[in-house]
Amino acid sequence: MDAFIATFTSPGPELFQLGPFALRWYGLLIAIAVLIGLNLSSSLARKRGLEQGLISDLLPILVLTAVVGARIYYVAFEWRNYSGDNFWSSINIFGLAIPIPSAMEIWGGGIAIHGALLSGTLAVLIFCRWRRQAFWDVLDVLVPSIALGQAIGRWGNFFNNEAFGVPIKGDLAWKLFIPFVNRPLNYANNEFFHPTFLYESIWNLLVFTLLIVLFQRSNKGLLKLPAGALSCIYLITYSLGRVWIEALRTDPLCLGALPPSCEGGLRIAQLMSLAMMAVGGFGLWWLYGRKRKLPDPGRPKSFA
C-alpha cells in the first residue's frame, strides 16, 4: 500500500482569464485575506475602544505599502534576476506590447513577507502620528489579522508552484508534486517536495488562534496584556515557525550565496526572524520584567 495519504497538486496560478486579463489565485487569496482582516481588526478595535472607522481608513494605505514593500524587499535581494539583460519586460494589453521594468511584474510572483512587515509597520507608525493614535494599541488589533492573512496567503504559493521545500526522502503522509518546469535544476529529477506552504499556513493559524485567545482573555480582565504585548508575542511566535520552515525551502533569499542551499552564505528570512524574536523578547521583558510601558512612537509626547 502507498505510504502517502495526501498528495497536493496545483491546478495552476490562474483561476480564469478574460481577454488580456487573468484572475490569479494569489490575488484572490490576498483580497479575501484583506476583507477578513478588515472585519476582524475593526471588531477588535471596537473592543479596545479605538476610534470608529480607524481601521477602514488605515487599511488601503497599509495594504498598498505592504505590497510595494514586499516587492522591493524581494527584488533587492534577487537583483541579479532583474538587472542587465533582464531589466526590461513587457505587458500585452489588447495586442499591444508595452515595455515595463521586469521588477514591476509582481503578478508573476516574487514578494517577501518580511518586506511587507517592515513597510507595513512604517505605514502604521506614520498613520498613527498623523491621526494621533496610540501606535501599540493599533498594532495589537492588526497582528491577529496579519497572522490569519499569512495563513490564507501561503496557499498562493501552492497555486504558483513556488516557495516549496526540499525533496521528500522516505515515507511521509503528505507530499507536494511540482511540475518539471518549476523545479530547481539540481532537483529536476525529483517529483515530490515538502509542502512548506502548508507547514507555514498551519503554523500561522496556530499563531492566530493564540493571539485571539490572549486578546479575548485580556478583554475580559482574565489576563494582563499591556499595549504592545500582543505585537511582541506575534513577533516571537511567527518567527519561531519561520526559522525552521525556512530551512526546508529551496528558494530562499540569500546573502553572500545562491539558493537553494545558500551554502557559504546566510538565509535572509532566518536572520530577520531571529531579529524579530529578539525585538519581541526585549519588548516582553520591558513590559513584564521592568513593568514599564513601551514608548509610543505614534504619540511623540509619550517620550517626554
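Positions of Cβ are set from backbone N, Cα and C atoms, glycine also.
Taken from Swiss-Prot as is:
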type	residues	note
TRANSMEM	18-38	transmembrane segment
TRANSMEM	58-78	transmembrane segment
TRANSMEM	106-126	transmembrane segment
TRANSMEM	133-153	transmembrane segment
TRANSMEM	195-215	transmembrane segment
TRANSMEM	221-241	transmembrane segment
TRANSMEM	268-288	transmembrane segment
Which residues, given as numbers and ranges, are at least 6 beyond the ends of the transmembrane segment (18-38) yet have a Cβ under 8 Å from it?
55-56, 59, 63, 92-94, 107, 109, 142, 145-146, 148-149, 152-153, 155-156, 159-160
Stretch in 58-78, 106-126, 221-241, 268-288 most in contact with the transmembrane segment (195-215), if contact is a CB pair under 8 A:
221-241
If we skip the immediate neighbours and take only residues 6+ beyond the ends of the transmembrane segment (268-288), which ones have a Cβ under 8 Å from one of its Cβ atoms?
77, 112, 114, 117, 226, 228-229, 231-236, 238-240, 242-243, 246-247, 252-255, 294
